[in-house]
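Please read the structure below before turning to the comments.
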């Protein structure tokens, strides 16, 4: 009985060891955390030799392109930033702490390099999220933090909407120079494995380069890592909403020359097309930065608007020619030869009843002279004159003289009326030939401008 109290010890030992083994990692983690940060300060650079630089490795993963503001030249992107460095004051023997090889602690507990985005364009200057760091037994610290960044990007819209952009993301330390922190990139390119495709931009690549720059404020070198984001715009949206409507409206402008001059809608059609293109031009100007470089689609709009303005001015001039009154001068011989003969045949403009295959009568020839005589004389007019000239004066009665004078006056008025009609008809034909000629000229101009735009885009 005296030995009774000592007998239960072998039975109690397994009961105490079993829960102790299960609780050992937790106790060791608390003990490790207490031992590591008992005399640790996160304000000082964690190196054993202050004259040596601390190596910091940077890796950037592009997760998403949130927005590209061309007007303000700001790129908003979602990044995962990984920084790795060695903290000489946070090492331990994992065998002494239950085999713990790594722990995850708040990033505010340890020293962190002040790596920031140099070309940050955020007014609040938001940095990385305060996430945990992974601390390993050999002192290596890995800090993964997501960040939504707004970076300045020089936007070149010369070939909008078929343009490509190069946006740079430059990371570097703000206060530590190259003799204190040696910043290097882990990979030659940014990581795009987890990138979410953007509906407007296509990412062609993200090469990374390391630069060592000496700024004017300081004599020490400052290393940085620059990621160049290569973007190409997906132009389908702009083709179907801005370019194709402009091309279709542009092809309506030459049809104003095909409208009959008496319809009264020739000038109004040109003005309507001009206003439609002005609306499209304003839509493009609202989204583009106010720079000296005019986008490609803007140049196309300006060229088309200039062409439509010229076509409207020509339409007004041609309508003035068409509505020449009876008091107009006859068509000059050079215009009769150039316009009524050569250009009319080239544009297939003929009189009513004729066609492209009918023989063309030369203006001013024999047929024309015969037409003039036929147009100037009324049926039976020559016979009346012959009878008048052949009538013996001694057989004519007194009332016949007054009748003949009235008939001669009526015949002269008829001749003048037919001559005015012929002159007015010639001017109308001149206007019609010019309408057809300029219609084909402007159709060709619209086609060539569209081909040039698509060729420059390619």
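Keep in mind that glycine also has a Cβ here, set from the backbone N, Cα and C atoms.
No curator has checked TrEMBL annotations; they are predicted automatically.
As annotated by TrEMBL, domain 'Neurotransmitter-gated ion-channel ligand-binding' applies to 30-234.
The annotation transmembrane segment is assigned in TrEMBL to 237-260 (among others).
What TrEMBL records for 242-452 is domain 'Neurotransmitter-gated ion-channel transmembrane'.
For 267-288 (among others), the entry in TrEMBL reads transmembrane segment. For the transmembrane segment (267-288), same-chain residues at least 6 beyond its ends with a Cβ under 8 Å from one of its own Cβ atoms are 70-71, 157, 160, 242, 245-246, 249-250, 252-253, 255-256, 259, 295, 297-298, 301-302, 304-305, 308-309, 311-312, 315-316, 319.
Positions annotated as transmembrane segment by TrEMBL: 300-319 (among others).
Summarising the annotation, TrEMBL assigns region 'Disordered' to 359-381.
Annotation source TrEMBL lists compositional bias 'Low complexity' at 361-376.
When Cβ-Cβ distances below 8 Å are used as the criterion, the transmembrane segment (437-457) is approached by residues 159, 162, 235, 243, 247, 250-251, 253-255, 257-258, 296-297, 299-300, 303-304, 307, 311, 314, 318, 343, 346-347 of the same chain, each at least six residues removed from its ends. For 437-457 (among others), the entry in TrEMBL reads transmembrane segment.
Averaged across the domain 'Neurotransmitter-gated ion-channel ligand-binding' (30-234), the predicted model reaches a pLDDT of 90.
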